[in-house]
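For reference, the structure is listed below as structure tokens.
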Amino acid sequence: MIQTGLIPNAHNDLVTDASYDFYGLRLATCSLDQRVKVWQLDETTGSWSLEHDWKAHDAVVSKVSWAHPEFGTILATASFDRTVKVWEQISATDVDGTQLNGTSAGTSSSTRWIERAMLVDAKGTVRSVEFAPQHFGLKLATISSDNYLRIYDCLEQPSLSSWQLTEEVDVLSLPTATPSSRSNAHTVTVATPTQSSTTLDGNSASLVAHALQQQTSQSQLPGRPGLGTREADGGWSISWCKDKYWGEILAAACGVDGIVKIIQVFPSRRPSTLLSLNPSPSNAETTKTAATSGGDSEASKAFAITSVAWAPSCGRSYHLVATASRDGHVRIWRVKPPTPSEDLEGDDADGTEGKWSASIVGDFDDHKSAVGRVEWNITGTILSSAGNDGRVRLWKMTAGNVWRPAGHISVEQAEEQQGEADADMAVED
Amino acid sequence: MVTAKQTAHLVPPLFKQGAADDFRQSGRTLSFTLSPRDLQISVFASPNVLRSQGIVSPGSQQIFLASLQQAPLSERRVFVTDMSVIFAAVQNLLKASRARDTQLLQSEDVMQALNKLANDYVNFCKECCMYASRDISRPEPLQFDAEHYRKLYTCFSLFSVLYLPEPGFEDVPIGDELMEWLNTHFIEPSTQEGDDLSSQERPWEDPGFWSYLTRTSLRGLSKASAFFLDVLGKHPSTYLQGLAQQLSPLLTNHPRLHHFDAERDFAVASRRWKDKVKTLRIELDRVPDSEREDDFENWWDRFSDIVGILEGRSEVIKKVCTELGADWKEVCAAWGIFVDTRLRRQDLPDIVAQILDEMPPDPTDREDTIHSLLFLGRPTQALSEAAQLDVWLAAHLADLMEPIELIDADPDDSELTLRQHYILAYAESLRADPALWRITVDYMYSCGEIGREMGDQVLMRVPLRLELPEDAAAAGEEATRIRSGQLVGVLKDVNEACFEYQREEIRRSVCKIAAQTFIREKEYGLAISYITSAEDWPGLGRIVDLVLEEYIAQGAAKFAHLVANIAPSLHNFGADSVARLHAPAVFQHRLMFAVRFAEFHQRRGNGDWPGAAADVVSMFREETAPKSWWAVLLCDAVELLQYNDRMLFASNDACLLIQKLEEIQIRVGQGCGDDYLSVLSRIAHGGEKHALQRLQTVRLALARYYARCGAIGVGGRPSGWNY
């Protein structure tokens, strides 16, 4: 690992999110300063220059997401002003009548960014926005501190002005696993506390009761947005499943329960929870007791998930979903979709009614402090995480199928003198 | 070291050593994002807890850029590129062999070819090592030193000796080859020592003499041995003189396997030779104790050690090696020459294990560890160590190990085989330089379904470079040629890769993206061409709509101009080709209309009045024009109706136009204005009212025209027409 450069004065306040475009030739950044900036890479020199810079929202911009280039050059931004905006880059010669934003900086004056749509349904701060995989068309998902997952479909493509809210679901009130129509057991994930990778099944009798408990306990938790401490403790994050085979599936984490729900959305049915990823399911019981007794039980406090990332599956039959938690843990879940069963009884029309299961294949607390972000590379082979310890850590799978730490990048001052920092760039034996 | 340095500290640091708490309390945490293009990562300080208002603004924020691994540079880049050619040859060989359904290990041809390819790898490592050791001025400094390439050379070469012998030689004693390997890579004693000793009158007085002679004997360097045994002719002791004379031919005529055609002959010769060694031993034992030393050394002991080696006494060999500072490799090689001349490959693991018990490898020396694991027949562990040294080594060894069944070809829980794991790890490292994408995907595509999809991810992200740069002068040949419809440059390369590896989906995705760029530039012809290639019918529909929008927005004149650019591509479609597309009917119709409408306006623009008129008529007769465009078409036809020089429409055609006009007006009267007048209303800028006014003009023109038809002739075709 070596440092290759620096963008010295990127924003006037802390940067909340950064995202490379599909080709990695542009970088969009957003910040507490309410602005979005788009930087362009000079491939010959490797340096980045500011291409566009504009005030995107009236409050903190929390996230920025690029659409797939087959739809054009499009960005979506999520903000604390409770809106999501969709932006498009057009050539400056287009006379559109639409409000022109994106005052150009630098040399590229032939393009502009203009606001195409503003989505105003959120009742809380919008924490995340992500475009769906391109095979599902031009659509995006958002999650906000009102605990709602919202999915929007672009109705009119070249114009991008009309977006339909096709799904609006309260993540917390979704069951931890939607009971299937068959009476067979369905799985709720229970994780082992160590790094073993056994797949565990639930049993049906207690599961329905369990699910009900979850629902009641959660509805008793004060989860209203705007309550200072709650919002600060909470985490809201989404990540699309990148496959097209299984349908439109997202991982969503909401609030403070530390649970990630794998949710499937359908065009003509209510969404269902395929399974939940819960590292300590016993919390459900204690949370209920805790809620009724009016306080958090110290022994089994759940910690918010700050970030969830679904790896591109690249031909693997299993999925990898990573979570970052305030409890300092980075977890890698191996999520297995149902295998098509040989003994179809005829009532299983679509394979998705089968069992989804998951197990933890990596559980790391190397950060020793809250972890704020996890992200996969495009082949799903390297996971990165960043935490309060001021380090970005890498995780890779060894030849023996075991996830291990693979180095880190730190912003802490090195033990050597400042002047010797360049020595880090040299190749060492 | 090729595997990435495990940690990096970014500068300027954001907090002092041990002050992570301060960092956190200042409301900050660290965040990042990974680039899809290469192994770059952007790192930045981020708010610890998101509140609606920030804390006191910390001022100007920077973004750090780092790379998880260095891109291959300088000599390494050449190394990587050239090695990929050999890799491709291996893949082709194996593919061809599998296609013939031959059992690899039993096919002499294939094994011969593999052997040769392994040697290619070895030779290239050697060349790289030699290049790196030369003290010359280079345009760029070396990325890795000669020592590194030397290690790759020794490891790959050992692998080749142990596991990829020439066909027919698998079962043959291995002593010669091992010694040759040792002598090639770990030269002892040094030439310097030899030179020093040979310059002396009485070299036996030098403390290093006997070690030197012992080593040359051990290593089979008979010329050097003979030279110094000759010099011993001047030694004061007559006993030694005699013994030296006896020893010399034993060393120079030591039977070696490669001297013989048949192993049996070698065995016979070896036995005879051993007998002579026995004779020498007897002679040696006759030397009285008092005569066994000179003023410098107990020469008898040293000489006895040499004879002990020749006798094949393992404890003598081990003792000698230890004294010489030689390691287990030397003992192993000597074993196959002296102790057991019939030592075979399959015997090695046991013998080596025993030797290693007494003379373990250096655990801090990774190269040595790899050697020991290869000798011990532990390929999986060898790969693991090799990956630590250089993932290139692990990948290319694994690639050869799998077909010869040294490692398991079954995937494990990760759904990758061991070979795939290492090759993909290597390919990932190449991603540090996106310009190497062709090589990266070549490696990835050789790794099963998972490798293919990973390769897709890389292939899709190769920037197509379709945009025209700012100043047209620098537009360059490529961009121009692409716009003239040729497939060139990156687009061509990516397309070729898609065909070569049968990645149809990727090809389509790339076409869709290309279409998007062309839409932005209003190069609709190219956009249509690419989107059709992608078989994206809804996308095609959208482009057709955009094309027609241009007419509505820009008017007929500008539309005709735009259409002039489309014409070549659309012409390829024409009426017939459109039908040949596998598009759903609705899209075919829309495209057909766009094509005809474009042709109509082109003809108008070129003054081809009869052709234009024919277009109008056919668009109505063949029901190509959608209802919403009838009114537009009729308005555009007015000019033709009013054309004085000729009657452009037959009377029955004129009737048709009148019928259509009637239909419009009736339907509008019934409230279906939207269906028939939506487009004309937009063009007329005044809504339905103005649209209807326009139609009045049409009505008048048609009426006049029809009247002229009647005046000139009765029905059918009036005279003066030429079709």
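Just so it is clear, glycine is given a Cβ too, placed from its N, Cα and C backbone atoms.
All annotation found in TrEMBL is predicted automatically rather than curated by experts.
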A:176-200, A:201-225 - the one TrEMBL records as region 'Disordered': A:176-200
TrEMBL annotation (region 'Disordered') - matching range among A:32-53, A:274-295: A:274-295
Local confidence of the prediction over the repeat 'WD' (A:305-336), expressed as mean pLDDT: 95
Three-state composition of the repeat 'WD' (A:8-42), taking helix and strand from DSSP: 0 helix, 24 strand, 11 coil
Contacting positions for the repeat 'WD' (A:8-42) when only residues 6+ beyond its ends and CB under 8 Å are counted: 48-66, 68-69, 73, 75, 77, 79, 87, 89, 106, 108, 113
Secondary structure composition of the repeat 'WD' (A:364-405) [DSSP: H/G/I, E/B, coil]: 0 helix, 23 strand, 19 coil
Residue counts (helix, strand, coil, in that order) that DSSP gives for the repeat 'WD' (A:54-88): 3 helix, 19 strand, 13 coil
